[in-house]
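Colleague: Straight from TrEMBL, here's the annotation block:
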DOMAIN    39-92  domain 'Acetyl-coenzyme A synthetase N-terminal'
DOMAIN    99-477  domain 'AMP-dependent synthetase/ligase'
DOMAIN    537-615  domain 'AMP-binding enzyme C-terminal'
Amino acid sequence: MPGDLDSLLKEKRIFKPSLEFVKDSNIYKWMEKRNIKDYDELLELAEKDPEWFWDELAHELEWFEPYTKTFNWNPPHAEWFVNGKFNIVQNAIDRHAHGEQKDKTAFIWEGESGEVRSLTYKQLQMQVNKFANVLRDLGVKKGDTVSIYLPMILELPIAMLACAKIGAIHSVVFSGFWAKAFQERINDADSKVAITADGFTRRGKQICLKENVDVILENTPSIQKLIVVEHAKIPIEMDSNRDIWWHEAMEKAVFECTTEEMDPEDPLFILYTSGTTGKPKGVVHVHGGYGVGVYTTLKFVFDIKPDDIWWCAADIGWITGHSYIVYAPLMMGATSVIYEGTPDYPDPGRVWSMIEKYNVSVFYTAPTTVRMFMKFGEKWPEKYDISSLRLLGSVGEPINPEAWIWYHEVIGKSRCPIMDTWWQTETGMHLITPLPISDLKPGSAVKPFPTIVADVIDDDGNSIKGGGGHLVIKSTWPAMFRTLYNDPNRYEAYWSSFKNTYLSGDVARKDDDGYFWIQGREDDVLNVAGHRISTAEVESALVSHPGVAEAAVVGKPDEIKGEEISAFVVIKENYHFETSYETVLRHHVRTEIGPIATPKYIKLVGDLPKTRSGKIMRRVIKARVKGETVGDTSTLANPEAVKEIEKLD
Ligand code: PRX
């Protein structure tokens, strides 16, 4: 099982990157110039003087006006690059489009059907400027939010960057969510303008977006205009008062567009993520600190050099895509691959064929994808020449040592180090991660990034070694989220369990060498194929069906996906399902949240185990699903409910 504690505890292998690789790395060269002799010394110096470290890196970027102080830290509130003036787009596009890099390819995009589009920095600037003018003409101003619901097409980063350029705040909703998620997020962000597409193709099947957006826009009073990208060529209806075709608006738009000079603390985007309640959290990131943080981590962790071809195979709708497909690679002036479709479509060789075709040198994906490819077998990567690869990455969930070794040997030909990067939507950038100079242990995310103070603590806040405990961060970092949109109290809650300490919600273990081993979530958040889903969200989707009285959702360990959603439901008396309850409820959850939240297992029960105060004891159900002993059930009001669950297969 991924992240399995026993296999992690037994893991003793160490992999050292070659000396040649180390000496050629960005971080090594940076250290050499500063007479820093090794990794340990780097971490020590950076922890002692975070201001020095971040100030040096921030100076590699362009500031409209210099800042006067690197940061102020009054936990839980931080302010970075105080009194400066900055815009992330100035650094991501403008400085390259005006310089020697102007004809360098920024993005190579491949559609699921094989269609290819690419944009140089100059061309990207043209598109972004024009779209920024479209937004300005619609009355979008600095500080306004724009809600975006687009598939993995180039218009998505263009729209995000155009918002940032004029100081508007983008809120991107993953296109795999059902449109209802878009409705909730538009209403929370109070956007006047929304952007979508006619639809997209997934595994050769057309998925319509606009049709569903039309329905939800009846319940979003703030929306005045909807911009629609024509992509899948699905016939759709346009509302002449509200809807605007992207291509028509772009035809009329002019190129000249000034980049708004922002306070580094001005919001750049909101990205909603799952918490322990049913209400998603609107994580807010800012221009300055976020920009410096993602730029620095991409430069040092993934070692991006001018000739690299970078492929972060995530969706832009998640934080990985925001940080490491859109912002960081552009700030580095890199060339990135963006792929629209499914990694195993039309066959399990798709990803490897693209690595060969584009000479991808640094590749970043999730353990669930690695495990899926392991299952398909070595014959698929062996068909292609993937020798351009020099560095690999993993993100989103613990990578089990078996998958790590397969990734290293079969894909990395025992030559490419693997950067297992731990971070979250809230952290914005990698926080616990190897660097290309670190010794690697399969399954460990190694050590905190320079300046980050991370620890594993028990319930009393004492640091512990060996055993599992709360993974916490005790320092500020530039890309930390600044608040939760419309919910500042919930932001403070991250720091309320332990003084001046950020509680990540993950369980981890620290070994004798100070290496971190992340084991997974300790709260009611599931991690299905690297996607964060709250049990409460799935439960509330289930109980919104007229036939369901109560529901409890837990994660069931799964070899490929890490966890699968397992739901236990109590049906209302006298309710009859037209077809099988499983089919009906699965479909219902799909249309309430999206395919990623669809329960794999649904079991009917007469009652759910509850405390005397009526609270569902998910712990008991979880233990049952994991095949563990149920533990103390003396506080249960209805012990017979446990027996019923135990009888289920
Ligand atoms: O449980 C951890 C897991 O993903 C969670 C964060 O999810 P999200 O905000 O959606 O961001 C995912 C991409 C950064 C964490 O709390 N996680 C992320 N990276 C790792 C990980 N678990 C183990 N190892 C990782 N490298």
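Just so it is clear, glycine is given a Cβ too, placed from its N, Cα and C backbone atoms.
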Colleague: Pop the mean pLDDT for the domain 'AMP-dependent synthetase/ligase' (99-477) in here, whole number is fine.
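Modeller: Mean per-residue confidence for the domain 'AMP-dependent synthetase/ligase' (99-477): 97 out of 100.
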Colleague: What are the DSSP helix/strand/coil residue counts across the domain 'Acetyl-coenzyme A synthetase N-terminal' (39-92)?
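Modeller: Counting residues by DSSP class gives 24 helix, 15 strand, 15 coil.
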Colleague: Pull the DSSP breakdown for the domain 'AMP-binding enzyme C-terminal' (537-615) and write it out as helix, strand, coil residue counts.
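Modeller: Output for the domain 'AMP-binding enzyme C-terminal' (537-615) reads 22 helix, 27 strand, 30 coil.
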